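Enquirer: This structure is in C-alpha cells; I'll ask about it shortly.
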Amino acid sequence: MASLSDQDLEMGLFCPRNYQTEMFEASLQENIIVAMDTGSGKTHVALLRIMNELETRRPQKLIWFLAPTVALCFQQHDVITKNLPAVKSRTLTGQDKVELWTEQAIWDAILKDMQVVVSTHAVLADAMSNGFVRVSQLGLLIFDEAHHCMRRHPANRIMQDFYHPTLVKQGPDAVPGILGLTASPVVRTNSQELSMIESNMNAICKTPRAHRQELLTHTHRPHLQQIWYTPVNIDDPTSGTRTLRALIHAWETIDLEDDPYVKQLRRSTFDGKALQKALLTRKTYCNESLRRFVERSCHIFQELGGWAVDYFIHASIRRLREKIDDSALMLDWDNEEKEYLASFLSNIATIQSDPPRRPEDFIPSPKLEALISFLSSTDDSTFSGLIFAKQRATVTVLATLLSVHPLTKDRFRCAAFVGWSGGGNRKDLIGELLSMQMQRDTLSEFRSGQKNLIVATDVLEEGIDISACSVVICYDKPANVKSFVQRRGRARRKESTFAILFSTDDELCDLRKWQLLEEAMIEAYQDDERKRCEALALETMAEVVTERFEVESTGAVLTADTAVARLHHFCSILPQQPYVDNRPELSFEYDGTGRRRGTFKLPSCVHPDVRRTRGEKWWTTERAATKEAAFQTCKRLYEFGLLNDHLLPLTRKPELRLTDFGGLPSIIEVAEQYDPWTDWAYSWSSPDIHQSRIRVQLNGNPEYQLSMSLMGPTVLPALDAMTLFWDSQNIFTLAFDAAQRVPLVPGDVIEHMRAITALYLQAPSSRSIREERDYVALFGPDLPHTELGAWLLKNGGNDTALDVYSRQVASPTMGIVRDRTRYDEPLLFKKWVVTEDGDVAVVEMECHSLPKRRNLLQRQTLAQGEIVTTAVDTAPAKARIIPATACTIDRLPFTDTIFGLFISAILDRLEATLIATRLCETILQDVQFSSTRHVITAISAPTAQSPTDYQRYEFFGDSVLKFTVSCQLYMQHPNWPEGYLSEGRDEIVQNNRLARAALDVGLDAFILTRRFTPRKWTAPLISEKAVEVAGKRPLSSKVLADVVESLIGAAYMDGGQAKAHTCIRRLLPEIEICPITPPPVHESAPHVMNDSLKQHLGYTFVNEALLVEALTHPSCRSDASTQSYQRLEFLGDAVLDMVVVHAMAHHAVECPQGEMTMIKHALTNANLLAFFCMEFVVAQEHTDVDAVPAAGGFALRSEQKPIELWRFMRSEALDLNNARETVLHRHSQLRAEIVHALHHGAQYPWQALSQLNADKFFSDIVESILGAIFVDSRGDLDVCAMFVERIGLLPYLRRILADRVDVMHPRHTAQRLSKGEALFTAKRVVDGSGNASYRCVVKRNKEEIVVVEGCLSSEEAEVKAANATIGILRANAVNLV
C-alpha cells in the first residue's frame, strides 16, 4: 500500500488531499478497493476511515487491519499509533506465537477493549477457523495489498469461509465494512482477475475521478531502462571457484552411510523401509540441507561471481559454527547432526582461506558487472536506491559485495533486508546469513539517509514505508504484473529510473512481454497526459461568471472575479499556527455531463457553520467553478459577520472595537484630588455634630491606653483601625468607635475643642502654630463636654523647670521639656541631675530628643526608640544635660502629648476614607462595597506612599477584567475565531480604553496621589477650605487605567465575581456580562473517547462535544462539524489566570504585586503546562500472553499502562507527530530533574523547562480542556479549580507560597546582581548543514563574560546564559569579601 507519500513527508502535513477525501467519502457509501499508485497516500484514506468508524459508526466493534507481511504489520501499527495515539491498538503476528493460543479465554482477554488490531491475513484466518474470532465482532476489515485476496490465500479464506456465508445468512448489517488498498489490483494479465477480486471482497475497485488531475501531480512516473548481460554457464566443468568445485564434489561423493539419520535407521530394527527409502532417495535432514546449500552457492556464482560464492560459503560455515555454539538457534537438530554438518563443511573450508579483497580478486559475474556499470552512471549526490533480488542469500551477499567492492564501496552505503519471517525455519539454517537483529534498523537508517542503497527481496515490494527512490533495479525480473507495478512504484522521485536486468538468452516472447508492459505503461502515461492537456485546454475557454453582491451601506462590491483574492486574504490573516496550513481547500464534484461544481473548505478555526461552502451552479471549467464557489463563500462569511461592510476581515479593523475610544497622551490634565475638607468647612455653618472615641494602645499593652475624641460637623464614616510605627519596636494601635450624633453642642464647647486641638498640635512641636483655630476636625480628651474647660485650665500652658522640681512632680505625668535657649526645642525628660556648687544646689535635667521621623504610617527599620513609660529603659548615649533655669515643662503629660503627632496621620486616613466614601456613594453606588477598606487601597497610587496602594488589587483586577471580557466575547461572538477574540479583548482592556473610562465617570478626582508629608502638613481650616477652588493636576493615563483595574480587583476581594461584574458594568458599560451557556447537546460526539479519561478529568461533561472540540488541533480539517480548540484555549487561558489569581488572593500568605506577577508568569508558563500535560496520565488495562515452559502452556498477564493526555488530541500533521516524539524524548531525559524541582527544589526549574522546549499544543490542550469544563459547567470556577488541582498546578502554587520558592527568572536575577549592567543578546544561527540553533552572549561593560551556544530556543539560551552569569557574579562577590 500503502506508504505515506513523500510530499507528505516533506511538507509534514497529514491533512488529506482532495483525491484522498474523495476515496474516503466513497468508502462510507459502499465497500471499495482504493486503487492508487504507490506513494499517493492510501494510508491517509485508511486513517480517515478508522477514525470515522470509531467516532460515528460502530465504535463498539473491532477494526482489523490486515497486511501481508510481519514487517508491514509493524509499520502500519506504528502509523496508527503515531497518528491516532489515543486508540487502543496492537499487533498479532507469528512472533506472538498466536498459533499456540488454543483457549478462548486467551483471545477474549487479548481483544478486550481493543479498538484496532493489525495482523497478517493468516493470523485472522486461523483465529476465525478455530472460532476464537467471529465476524460479528468486526466493524471494519482493512485489506492492505488487497490484490492478495485470490484463490486460497488467507485473505480470500477470510472472505469465502466467514464473510460471505454470514452475509448470505444474516444480511449486510451482520458483516464488517470492507476497505481494500492496493497499487496493483491485477496480479497477472488475466482480464477477469479484477472482477474476481471485486467479487471475493464484495467491493468495487475505485480510483479518484473527480480529483484525478491532483492525484497525477503527486505521483511521478519513472523512466524504464533495460540492462543487458550474458549469463554464466554453470554446467561448464571449468567454471566456478576452487571452493565451489570442492563443495560440489564433496556433496556429490558424500557417503550416505555417515549420515546421522542413516546411522540411526541402521541401529533400529523396525525402520527397514525408512532406511531403504533414505538410501534410494538420498533425502535426509543433513543431505537435503547440504543440497540446498550447494544450489544456493551455484546460484550465487552464476548471479554474482567467484568472490561472492567464496564469501558465501565461508560466511555460511562461520554462521553455522555460531549457531552450534548457541543451542537456542538449533533446537530441532540433535548433537550428532550438528557435529556431522560442521565436520563436513569444515573439511571443505580447509581448501582455501577467506576470500581476499584486493581489487583484482573481485571478478564479478557478467550480470553483476552490468549492475556495477549501471550504478557507476548514477548521480552520487541525490542517489537513493533499491535493488530487488529473488533469493535471500543473493540479497545478503550482493549487499556485502557492493559494500566492499572497490568501485562501489565509497559511493554507496549498503544494507540488506529480507523481512522478519521465514528466517527461523530449520531447513534454512545453512546459508542464512542475515538475522532479524542485523536488519532491525535498516529501514530507519535508509529513511534518515545513513544508508542510500538497500538490497531486498520482494518483501519491500508492498507497503513498507520507505523514502522515495531515485533508482529501483530488478536484479531478477518481476514475477508478474503485480510485482512489476509495485516495484515501479518505489521509483517515485521526480526524474527517477526503473531498471530491469535482462539476459541475452531470454526468449523473444519473454522479452516481448516486458516490451508490451512498457508500451502499455507509456500508453497509460500518455493517456493521462492527454487528459491533462485537454483539461488545461478547456480552461482557456471563456466562461462568464456574473455573480455580484453589493453592501448598500458602503457601496463595497463583491464579484466572482474578486472573490478568490478576498477569500485568500481572509484566510491569510487568520492566526498562524505551527503544523497548520490556513489556505482554503478547493474540491470539485461532477454531474453526469462532465460539468463541475466547486466547494471551498476553510481552516478548522473557522466556525463549522461557514467552514464548507458549495457553489450553487454547475460549470464547464474549473476556473469558473472556482470563482463562483469563492463568491458564495465570501458572501456567507459576510452574512455570518466575519467580513465587515467593506468586505474585509475584522482583524485589526474597527469592527472589533465596541466603541471608538480615541487616543490619550501618556500624561494628561485631570481634576484635582477631591478635597472632603471643603464639604466639612461648609458643614460647620450648620453642623450636625458627630463624635467618635479613639482608643490608643501601645504594643497591645492594656496598661498603656489613651482615650481621645474626634469631632466633626457631619456624619463620620467608619474608620478602620490604624497602626502607627513609633520605631522598630514600639507600635501604636488606634481603634475608632462608631461615631455618635451629639445634638445641641454649645458654642463654648466648640471653642474648648478648638483650643484643645491647638494644644495637641503645638505640644510636640517647636514651631508656633497659626493663631487661627477654626479647624475642620476637632480633637480632645474623651471627657464629658462640661469638663473640657477645667481640663484645658489644668493641662494648658507650662511651668518653669525649677517650679516643677520644687513640687516633686512624678516623671510619668511630666510634659514636654522645652529648651528656651534653642527656640523651645521639645525634649523628653529622663531625670533630675542635682550638683553642689559651693553652698548652692545646681539643678539640671537629663533629656532626650524626640524622634525625628514624623510619618508614623510607614514601617521603618530604626534603632530602639524611647517612650515615656515605666517599662522603657534609659539610653545614656542619647542623653543631654540642660540647666533647669533654661527650661520650661508643659503641663500636658507626655503620654497625652504624643497624640499630637498622631493627628496628621489620623486626618490623612480620615481624608482617604471620606474620599472613598464619597466615591462609593456616587460613582460606585451600585457596587455596594461592604466597607471602604478595599476602595481606599484601590484608589491609592504608589506615589502617595500610603500604607497600602493599588498595585496588588490592580493585579487581581487585571485578571478579573481579562476573564470577564474573554467570557463576554466568547459567548457574544460564537462566529469569531480565536484571532478575532484575542484582538477584540485587547481593544477593550487596553490602557487607553480604561483611562478613558476613568475620565468618563469622573474617577480621576478620587485618585489619591498626594504624598503624606507630616513635616509640611498643617491642619485644615474652615476659613481656608471654604474659599478654595478646585484646579487641575497632571496624571499618567496608565494610573487612570490601573485604578479602573484595581477597583475591579477591590470589588472582587470584597464580594467575589458578582460584585466585580457590577463594578465592571459601571466603569465599562460596553461590557455585557453574559451568562455562560453551553451549546446544545448533540446525540453523539464524534471522537475516540476513553471513559477513563472522563473520570480522570474529575468532571463529567453534559455535552461531550465540548471535550471533543477541546481535543481537536487546528491541523484536523477532515472533521467539518467540529471547530478546533483555539476558541476554548482562548477562554481557558483566562480561566486559568482566574483560578491561579483566586488561589493567591485567598491564600494565607499575602504576596506583593511584583511577586504575584512572577508567580503567575511561572505557573502559566507554557513549558510547565506542557510538562503537566505529559504527566497527566490515564491508567488503562493491558493484557498480554506469557509462555509458561514448565507447564507447557500460556498465562495471561494484565497490567495498568499509562495513557497520557496528549494522546487524545486529534491532529493531522506528520510534522506534529515527529515533533511530539522529539519533545517526549526530551521529557524522558529531563523528567526526574523537573519532578524533583517541583516537589523539593528551592528554585523554579527555569532551565530544565526551557530545555524541554515543548510545542505549544501540549499546553494548549490543558487550557482548552479547562475552557470546555468552564463552558459545560456554566461558568463554575470551582469545578475548573478541581481540574487545575488534578493536573498538579495548584499544589505547586501552594508549595511556592508556603516554602517561598524563588520564581524569579534567571535573567532578572542576573540583571539585579549586575545592577542592570548585564546585556543579553540572543540570536538564531545556522551552521553549514542548515541546522539552526540559538546562541546567547552576555556582556558587562562591553566585555563578554558568558557565551552559550547550541540551544533549541532563545529562551533556553538566555536562561543558560543567565545562570552562568549569576554564578560568575556571585563568585566575584565572594572573592571581593
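Yeah, the Cβs are placed from backbone N, Cα and C, and that goes for glycine too.
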Enquirer: Which residue of Glu1104, Glu1109, Glu1129 does Swiss-Prot report at the same Mg(2+) site as Asp1260, Glu1263?
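Expert: Within the candidate list, Swiss-Prot flags Glu1129.
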Enquirer: Tell me which range among 144-147, 692-695, 976-979, 1164-1167 Swiss-Prot lists as motif 'DEAH box'.
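Expert: Feature motif 'DEAH box' in Swiss-Prot: residues 144-147.
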Enquirer: Measure the Cβ-based neighbour count of Lys1256 (site 'Important for activity'), defined as the other Cβ atoms within 10 Å of its Cβ.
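Expert: Neighbour count, Cβ to Cβ under the 10 Å cut-off: 14.
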Enquirer: Look over the recorded stretches 23-203, 563-657, 916-1056 and say which has the most C-beta pairs under 8 A to the domain 'RNase III 2' (1090-1274).
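Expert: Of the candidates 23-203, 563-657, 916-1056, 563-657 scores highest.
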Enquirer: With an 8 Å cut-off on Cβ distance to the Glu1129, Asp1260, Glu1263 Cβ center, who else from the chain surrounds the Mg(2+) site?
Expert: Tyr1125, Gln1126, Leu1128, Phe1130, Gly1132, Asp1133, Ser1259, Ile1261, Val1262, Ser1264, Leu1266, Gly1267
Enquirer: By a simple count of other Cβ atoms within 10 Å, which of Asp37, Glu1129, Glu1263, the binding-site residues in the record, is least packed?
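Expert: Least crowded of the binding-site residues Asp37, Glu1129, Glu1263, by Cβ count within 10 Å, is Asp37.
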Enquirer: Checking your reading of the structure: which of the recorded positions Glu1129, Lys1256, Asp1260, Glu1263 lie inside a 10 Å Cα sphere centred on Asp37 (ATP binding site)?
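Expert: So the list reads none.
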Enquirer: How does the domain 'RNase III 1' (916-1056) divide up by DSSP, counting helix, then strand, then coil residues?
Expert: 92 helix, 8 strand, 41 coil
Enquirer: Could you measure between Gly41 (ATP binding site) and Glu1263 (Mg(2+) binding site) for me? Cα positions, answer in whole angstrom.
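Expert: Cα-Cα distance, Gly41 (ATP binding site) to Glu1263 (Mg(2+) binding site): 33 Å.
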Enquirer: If you compare CA-to-CA distances from Glu1263 (Mg(2+) binding site) to each of the binding-site residues Met36, Thr38, Gly39, Ser40, Lys42, which comes out shortest?
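Expert: When the Cα distances are compared, Lys42 comes out closest.
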Enquirer: Can you tell me the three-state DSSP label for Glu1263 (Mg(2+) binding site)?
Expert: helix
Enquirer: For the domain 'Helicase ATP-binding' (23-203), what's the mean pLDDT in this predicted model?
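Expert: Mean model confidence (pLDDT) across the domain 'Helicase ATP-binding' (23-203) is 87.
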Enquirer: What does DSSP call Gly41 (ATP binding site) in the simple three-state scheme?
Expert: coil
Enquirer: For the C-alpha pair, I'd like the distance in angstrom between Asp1260 (Mg(2+) binding site) and Thr43 (ATP binding site), rounded off.
Expert: 28
Enquirer: Please report the distance from the Cα of Ser40 (ATP binding site) to the Cα of Lys1256 (site 'Important for activity'), rounded to the nearest angstrom.
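Expert: That comes out at 30 Å between the alpha carbons.
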